[in-house]
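First the structure, in the form of structure tokens, and then the observations on it.
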Amino acid sequence: MNQIKNKTLPEMTTEQALLSMEALPLGFRFRPTDEELINHYLRLKINGRDLEVRVIPEIDVCKWEPWDLPGLSVIKTDDQEWFFFCPRDRKYPSGHRSNRATDIGYWKATGKDRTIKSKKMIIGMKKTLVFYRGRAPRGERTNWIMHEYRATDKELDGTGPGQNPYVLCRLFHKPSDSCDPAHCEEIEKVNFTPTTTTRCSPDDTSSEMVQETATSGVHALDRSDDTERCLSDKGNNDVKPDVSVINNTSVNHAETSRAKDRNLGKTLVEENPLLRDVPTLHGPILSEKSYYPGQSSIGFATSHMDSMYSSDFGNCDYGLHFQDGASEQDASLTDVLDEVFHNHNESSNDRKDFVLPNMMHWPGNTRLLSTEYPFLKDSVAFVDGSAEVSGSQQFVPDILASRWVSEQNVDSKEAVEILSSTGSSRTLTPLHNNVFGQYASSSYAAIDPFNYNVNQPEQSSFEQSHVDRNISPSNIFEFKARSRENQRDLDSVVDQGTAPRRIRLQIEQPLTPVTNKKERDADNYEEEDEVQSAMSKVVEEEPANLSAQGTAQRRIRLQTRLRKPLITLNNTKRNSNGREGEASHRKCEMQEKEDISSSSSWQKQKKSLVQFSSVVIIVAVIVVLVEIWKESRDAKCSFLFHQLDSFKGMFT
């Protein structure tokens, strides 16, 4: 093979080369790799060995439009790719930018340049370009894509003797938008056949044609349409699209999508039993008639579904949200309350019966909203979801209790005070003198079905039967028979917000206070190096000690209990030993103080003695010096007198 490459082939015309390519059996293709394009074809072309690479013609691609270039290729094939050598045309004489503009449009580079390696050595770069009609920046994108190969070796820069600067262009035509260049790999890896267009299939994602901006994945239905367009692009193909099959595929896909959504909704309902009992005032939320494939099978927003905590931090999101942004708001509470409280003078038979749901799936909440009524505790029995409730032991929605109160001529002002804030309606129910007394206040902190009684213990049952019946006056005796001896007085209920959980810090002081200051000091003295760790435990509040703090289903109380001092014989002995040690310590301190005072007095005396002795020495020295001075003066005077006498004798 190497010998064949090294041999100089005889010069052939284009017609001869064309005939030789057509003489090859079906299935032979010109499919060089990136490494072969750089190391062999581009290297030979730059070094001036044109005859050896004549299979790739030399064309200035910027002087032709992309749809004219396939006719200039030496290799005639049905494959939508062509190879050309293109001389480097600088946009500016002193710059490195290439001029890629044509008469009708321009080639625009997109994406990052990719490296081409040979044995872990970078030998070249590959740039992806897309052809646009018109002029930038308002060009219209087309389906013509080109890969530009350039060598990075300094020996192939085109400045050496006998060299010319060239780049190798690989032209592609993308028949449809089904093959997204941003998500495709090298198109040369696709198995092409001359008589079919299966390479246009949306499942073929082996092209590396990179578009300017990546788009999202195409839906299966759209991809089927793209397949139809792709198959119908070429008129000389043997494979024809079956329109009926494509249409059936689209219909089947739509039905499959709807079935999947229904199954998803049923699965969520089975996993969340509360979702089976979510009626509104006007009927069920979900039904076959109200189902839309674009909407979620569950009415609640997915952000609240399966949440451990309720999303009620100041934002009362009571609407039923769908994926398309629409929402179905709850029934107006004003109309409901007007019907309950302001129409109690009318006959109960003329009123419109209504029932609010006894349980709702408040986002993040997995318990019954109202599972037990204190005033129905004797007459209403609660059983598992598998059991049936019959007779008088049936579950009655909480809103009917307020209606019964109105039927017994209880003042509505005394019964309920509506507070309209943040889209919710809460009630403060004193009800001191009515038939239910404090039970009504402990029953429901809100008429709104989304607000449940936080003081009720959790129930294991999530299903109760819905009842649409009215309570006759004879049933009131059952409520009157209810004893109120052990009921709590919740008239002082304080609404503290809608946070999902409350944590209380309760610190209990020691039961036996230490009154003796000395003993306390002794204990501190003995145990100053000990660290007493507080015993903390989290206990669930008993229902009898709860006060309404919001809408959370559980309350957690953090109790910190300090260690209680134990008064034992050991403590007494330790206290006595501490007192003795303190006394001895004080004696030592006194003795040290005396020693310090005595030493300080001795130091003062010593200092005074030193000062006195120094003064005496100084005085003695002064006296000696004076005496010496006197003697010297007397001697000098006598000497002078003697000299004077000698001079007198000489003159006389």
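Backbone N, Cα and C define each Cβ position, glycine as well.
Range with Swiss-Prot annotation DNA-binding region, chosen from 65-122, 123-180, 355-412, is 123-180. Around T152 (phosphothreonine), the same-chain residues six or more apart in sequence whose CB sits under 8 Å from its CB are I122, I123, G124, M125, listed in sequence order.
Across the compositional bias 'Basic and acidic residues' (577-596), the DSSP tally of helix, strand and coil residues reads 20 helix, 0 strand, 0 coil. Mean pLDDT of the predicted structure over the domain 'NAC' (24-174): 88. Helix, strand and coil counts from DSSP across the DNA-binding region (123-180) read 3 helix, 31 strand, 24 coil.
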